[in-house]
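K.L.:
Relevant sequence annotations retrieved from TrEMBL are reproduced here:
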- A:Leu10, A:Gly11, A:Phe12, A:Gly13, A:Thr14, A:Val15, A:Gly16, A:Ser17: NADP(+) binding site (BINDING)
- A:Lys106: NADPH binding site (BINDING)
- A:Glu191: L-homoserine binding site (BINDING)
- A:Lys206: active site, proton donor (ACT_SITE)
- A:351-428: domain 'ACT' (DOMAIN)
2 protein chains.
Amino acid sequence: MNKQIQVGILGFGTVGSGVIRILKDHNAKIRQVTGEEISVKKVLVRDIEKNRGKISEGIQLTTNEDEVLADPEIDVILEVMGSIDSAKMYITKALKAGKHVVTANKDLIALHGNELVALAKENQCDLYYEASVAGGIPILRTIVDSLASDNIQQVMGIVNGTTNFMLTKMTNEHQSYEEALKEAQELGFAESDPTNDVDGIDAARKMVILTRLAFGMNVELDQIETKGIRNLKSIDIETAKKLGYRIKLIGTAEENNGGVSVSVGPILVPEAHPLASVQNENNAVFVVGAAVGETMFYGPGAGELPTATSVVSDLITVAKNIRLGTTGNVFNSYQHETKLMTDEEILSKYYLSIEMNDRTGLFLELTKIFAASDVGFDKIIQEPIEGGMAKVVIITHLMNRKQEKEILAKLKKADDMNLLIHLKVMEG
Amino acid sequence: MNKQIQVGILGFGTVGSGVIRILKDHNAKIRQVTGEEISVKKVLVRDIEKNRGKISEGIQLTTNEDEVLADPEIDVILEVMGSIDSAKMYITKALKAGKHVVTANKDLIALHGNELVALAKENQCDLYYEASVAGGIPILRTIVDSLASDNIQQVMGIVNGTTNFMLTKMTNEHQSYEEALKEAQELGFAESDPTNDVDGIDAARKMVILTRLAFGMNVELDQIETKGIRNLKSIDIETAKKLGYRIKLIGTAEENNGGVSVSVGPILVPEAHPLASVQNENNAVFVVGAAVGETMFYGPGAGELPTATSVVSDLITVAKNIRLGTTGNVFNSYQHETKLMTDEEILSKYYLSIEMNDRTGLFLELTKIFAASDVGFDKIIQEPIEGGMAKVVIITHLMNRKQEKEILAKLKKADDMNLLIHLKVMEG
């Protein structure tokens, strides 16, 4: 007594064809798990003439979105085309037509997620987006279902595969930033304009989504302190390594006293920390809960089949809901008033690399700048460099953002001192 | 319009009090997520006089199980008392009385899970057991929900915290087996009779449950090749380290060609593999899916609050099902005919440590034993030891279990050769 569930897909790129492949290859298991026969009826494509081989057999292709969105036989729409504006328009149409939606579109969910979730609820439709963060890692469902009993305190994620690949190359193979970027581009991990990846924008969008689910709060992109890896030098990666750290681009969302703070940036991670050993293009999300303690979820952050796995798992959940008559319940029902932590509440240790004139007394001046803001040192390395200059690397004790801003302002004004880079340091 | 859900708990040990603590501390979030007020009405205890402090305020304690199991106001029973026979009897009673059940009892679920699942279905009740494997790591729900779209090929788990703690101490601090066991016992990680942990029995029970969920197959405990760490010597840990491996107690379940093979034993794990860096009493489950590729789920495998987190997450799922009217759907609907792999199909590389007389020609004899079974060497280390003896350590190429058995039988018969230990080696 299997019912037929008909699916329309928007987009026939890598994820779209991955979805079709998984639905074919794992058909027997999916039928048993859902109690339904799931079949792809139509796919919206850009170029209908393109030869797609056997994979498109039995599926109607169209370049007209309304043929998919307005087909009364289609129960579920999978949006895997990317872009923001047209995807939003199509999903809106689909939900208004009473169709359930699964999307892999992080940009869309980060920017318009709340609006679309409300629209889905209004129309008694499901809206899932597991694939939008960390590709094949089921981190959203884990936070929503399995950690529902816990109060989450911190989420730290390596959620951008491109930069993690580049940092791995820079760390293990001593490549420069430029070499690592070139290799990532050659392998198809980075786009020709790598801005979204290397400047941390992609990671920040994913942190918007993770913050919404983990803390029930809505943080805007411009409320996230976002730094990329563009200015990272091999020498800093080497120095960090000597001090027992690996540099990773980490998105951090933490809650304290009812307020939340979200940031993205390269961070010194102690080498024994589970996040330090996440290699290449893999992703990982480290979650600290008041009760559960430290957990980590690791896997492929992108790629045709991993991302498609998450899309199809969402589709299976929709199919089960259809069978049980329980569609239209929002994925995440945890909501909280959004409150940002103040500068005084946001604490971190820092790594600072300062180039300065090697003259007597200047190190004392440097020390005074930190002492004036009541910040102590955890580690100091001073090395002479050419031209009568010295390089001083400092790892500080914990300081708050107010102290950080004071110190940075003074370092900027100080003669004969040049702050090369400053990075957060994760506590061991 | 919150409904009240009343809970009865069997057992007021560490997990039981952890559950009560979480329900109190995280009350606001849980109420919002479930739309229900969840309260603990009664707890079955062994000693009613014991002073439990503030945590038991407002809760009725009883030593008579029927006062809990037959209370018509109680909707859900949480079984956190351990033991097999009485837990089974109580859960059976509860399900027959139409109460939903959450249990943390791996022994019970490994041995009688199918029977209890059938009984739950018959009575339209929920039966969940996330906490039974890997404590705070939501691995069961991840396999059942998030990897439902994938065909799982392999599950490898560090699912026993006690032995992982001991192996960490032996590896990092060069402790002997006896020293590590003593420290584990002092810290309360190991019982005075450590058999279940150190001989791999606890891990094997968890692999029964993981195999059921990942492959839909029922494997009996005596069909699992189970080895413990009792005979592991520091020297093997050192040698493995020199060769680039860490020794971990790993439960492995793998599928090939419709057949499954499950085993537990100490394995040489390449040091770059994510499982190699799982330290101390932590657990981790590494899952390989046909589509998703390699994923890993890491966290605390035991402990009051981590385990209680999983129990309460199950309870939240039950509460949602009650609200939606969808109880009685089995946790895992994936079923498959159980078929074991044959000896010819089970492949592994092996580490063998052999003590032998240092006389000319004996190494040739050793080589012939492997060549006769068509097994090649990946690495060989020969070192002279005292008394005219030599120690030969070999890492082989892949061989099947038939070849393994042939070689072991010949090594046993050979004069002047003494096989000290042989362990599986995970491929890099």
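Residue positions begin at 1 at the first shown residue.
For all residues, glycine too, the Cβ spot is worked out from N, Cα and C.
Unlike curated entries, TrEMBL annotations are predicted automatically.
I'm curious about the neighbourhood of these features; can you describe it?
P.N.:
A:Thr14 (NADP(+) binding site): 16 other CB atoms within 10 A of its CB, across all protein chains.
A 10 Å cutoff on Cβ-Cβ distances gives A:Lys106 (NADPH binding site) a total of 21 other Cβ atoms nearby, all chains included. Secondary structure at A:Lys106 (NADPH binding site), as computed by DSSP, is helix.
In sequence order, A:Gln185, A:Asp197 are the residues near A:Glu191 (L-homoserine binding site), counting only same-chain partners six or more apart with C-beta under 8 A. In this structure, A:Glu191 (L-homoserine binding site) belongs to neither helix nor strand by DSSP; it is coil.
The C-beta environment of A:Lys206 (active site, proton donor), restricted to residues of the same chain at least 6 apart in sequence and closer than 8 Å, consists of A:Lys106, A:Ala110, A:Ser132, A:Val133, A:Ala134, A:Gly157, A:Val159, A:Asn160, A:Gly251.
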K.L.:
For A:Gly13 (NADP(+) binding site), just give me the three-state DSSP call.
P.N.:
coil
K.L.:
Please work out the number of neighbouring Cβ atoms within 10 Å of the Cβ of A:Gly16 (NADP(+) binding site), leaving out its own Cβ.
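P.N.:
Total other Cβ atoms inside 10 Å, all chains included: 26.
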K.L.:
Using a Cβ-Cβ cut-off under 8 angstroms and a sequence gap of six or more, which residues of the chain neighbour A:Phe12 (NADP(+) binding site)?
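P.N.:
Result: A:Val43, A:Leu44, A:Val45, A:Arg52, A:Ser56, A:Leu61.
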K.L.:
Including all protein chains shown, what's the count of other C-beta atoms within 10 A of the C-beta of A:Val15 (NADP(+) binding site)?
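P.N.:
Summing over all protein chains shown, A:Val15 (NADP(+) binding site) has 27 other Cβ atoms within 10 Å.
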K.L.:
Per-residue pLDDT averaged over the domain 'ACT' (A:351-428) comes to what?
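P.N.:
93, rounded to a whole number.
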K.L.:
Can you check which residues sit near A:Leu10 (NADP(+) binding site), meaning Cβ under 8 Å from its Cβ, same chain, 6 or more apart in sequence, and list them in order?
P.N.:
A:Val43, A:Leu44, A:Glu65, A:Val68, A:Ile77, A:Leu78, A:Glu79, A:Val80, A:Met81, A:Ala87, A:Tyr90
K.L.:
Count the Cβ atoms, other than its own, that fall within 10 Å of the Cβ of A:Gly13 (NADP(+) binding site), considering every protein chain shown.
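P.N.:
Here the count is 13.
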K.L.:
Excluding A:Leu10, A:Gly11, A:Phe12, A:Gly13, A:Thr14, A:Val15, A:Gly16, A:Ser17, which residues of the same chain place their Cβ within 8 Å of the centroid of the Cβ atoms of the recorded NADP(+) site?
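P.N.:
In sequence order, the nearby non-listed residues are A:Ile9, A:Gly18, A:Val19, A:Val43, A:Val80, A:Met81.
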K.L.:
Tell me the Cβ contacts of A:Ser17 (NADP(+) binding site) under 8 Å, same chain only and six or more apart in sequence, or just say none.
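P.N.:
When sequence neighbours closer than 6 are ignored, A:Ser17 (NADP(+) binding site) has A:Arg52, A:Ile55, A:Glu304 within Cβ distance under 8 Å.
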